[in-house]
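A quick write-up on the structure given underneath.
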Amino acid sequence: SPAVFPLSCAVQSYSWGKLGLASEVAQLLASGDPMVQIQPDQPYAELWMGAHPRGDALIRDNRIPQKTLGQWIADNPACLGAKVKDTFQGHLPFLFKVLSVNTALSIQAHPNKELAVKLHAQFPEHYPDANHKPEMAIALTPFEGLCGFRPVEEIVSFLQTVPELRALIGEVAAEQLERSGSDDPRGVSAALRVCFTRLMKSEKKFFVDQLNMLVKRISQEAAEGKDTSGSNGDLLLRLHSQYPGDIGCFTIYFLNLVRLEPGEAMFLGANEPHAYLHGDCVECMACSDNTVRAGLTPKFIDVLTLCEMLNYTPAPSSSKIFPAVQSPLDPSVYLYDPPVPDFAIMRIEIPPSIKLYLVSAMDSASILLVIQGTAVGTSTAAASEMALRRGSVLFISANESISLQLSSPDGMLLFRACCPL
């Protein structure tokens with residue numbers, strides 16, 4: 001049967017997603033399948049491209065007897081590539097996504113393998129599998145997120161200009177962080193852990209009162225035309241309007257605000273605190289649902305586990321931007337290769353001058369997403385020609401290539417997720 005075929009992918013309509021055609025997810029759906037009706041008042045939050053049991057992609061090729069990608073891989077495990085098949089027990093090791101974020105996602109971190117095994121054994125209803133979940137996000141539109149702990153001097157500066165924050169953390173912990181020296185990184189991490197844990201475990205009534213005082217004060221200052229950036233005022237008011245009375249609003253004083261331009265990426269390793277705030281991105285992750293949450297969410301929160309597991313290493317926001325490396329073999333390809341075995345992503349920018357392009361074979365199964373441009377794809381492993389346009393998604397078995405005949409005047413932009421063992 002064909003080893004290269006188009007997919008129809010699952011959509012998740014979480015409440016934080018962008019609505020209707022304002023969402024990149026909805027635009028890709030509508031363009032990839034003209035039969036789809038986009039509902040203007042429904043959130044289109046995530047497009048899942050993969051074989052995850054909660055969103056297994058449908059195969060759009062009636063010559064293939066299996067209905068979903070997961071079923072097809074189970075029956076044809078060699079399609080993964082020999083190394084991938086053996087390393088990941090016959091499963092596709094990654095889930096590829098598009099996210100369209102309108103309001104903030106929860107403050108969260110993902111466990112490493114060891115902690116995942118423990119959490120899954122103890123609380124399977126909250127931690128559904130025993131795998132780690134490293135993630136990488138690449139911006140499609142200007143994208144904002146919180147990621148990792150800020151440099152200590154920035155946190156100390158907020159402790160001195162935001163009295164409501166200092167009240168929640170307490171004088172002893174605040175002074176310990178102020179006194180911790182850069183020559184003692186373990187002392188800094190210990191002080192940071194105490195401060196963040198005190199914040200996250202503060203009494204509900206107390207933190208709601210402090211948050212209301214802070215919001216009132218910043219709103220007044222903003223109304224008087226004062227500069228509120230010393231209290232991170234704009235972001236505080238925005239998060240508070242989305243999640244009023246939520247402890248997560250205070251995390252903006254601890255975590256870096258990272259802004260990505262299209263094509264820039266951030267990698268989120270195990271135990272890295274993060275929260276996406278706004279924008280559209282492609283995302284790739286290890287196939288897992290393990291998320292430890294502690295704020296900006298109506299879902300189950302596990303503050304103790306989160307505060308225990310986090311990586312308390314301060315670093316500037318610029319260090320969170322993950323570089324892409326242009327391929328020495330093909331100048332159209334930029335590779336984002338994170339320090340985990342489960343996945344890598346390629347950004348393929350085909351210039352208008354190229355009319356025939358080869359999506360090269362590799363020794364791993366991969367998933368290809370078209371963001372812009374049109375082409376006709378042919379492959380010895382495909383049953384017939386494939387019309388590719390914005391929103392098209394293809395599964396490509398290991399060791400198969402696709403030849404693209406471009407028909408768009410302005411080139412193409414593609415993303416390809418794979419497992420580069």
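Cβ from N, Cα, C; glycine included.
TrEMBL does not curate its annotations; it predicts them automatically.
The active site annotation in TrEMBL covers R293. Around R293 (active site), the same-chain residues at least 6 positions away in sequence with a Cβ under 8 Å from its Cβ are S106, I107, Q108, K299, F300, I301, D302, L306.
The local packing around E135 (Zn(2+) binding site), expressed as other Cβ atoms within 10 Å of its Cβ over all shown chains, amounts to 22. Annotation comment: TrEMBL describes Q108, H110, E135, H274 as Zn(2+) binding site.
Positions annotated as domain 'Phosphomannose isomerase type I catalytic' by TrEMBL: 4-152. For the domain 'Phosphomannose isomerase type I catalytic' (4-152), the model's average pLDDT works out to 96.
According to TrEMBL, the feature domain 'Phosphomannose isomerase type I helical insertion' maps to 168-255.
Per TrEMBL, the feature domain 'Phosphomannose isomerase type I C-terminal' maps to 335-375.
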Specify all same-chain residues, apart from the site residues Q108, H110, E135, H274, whose Cβ lies within 8 angstroms of the center of the Cβ atoms of the Zn(2+) site, ordered by sequence.
A109, K133, L268, E272, P273, T291
Other CB atoms within 10 A, centred on Q108 (Zn(2+) binding site):
25
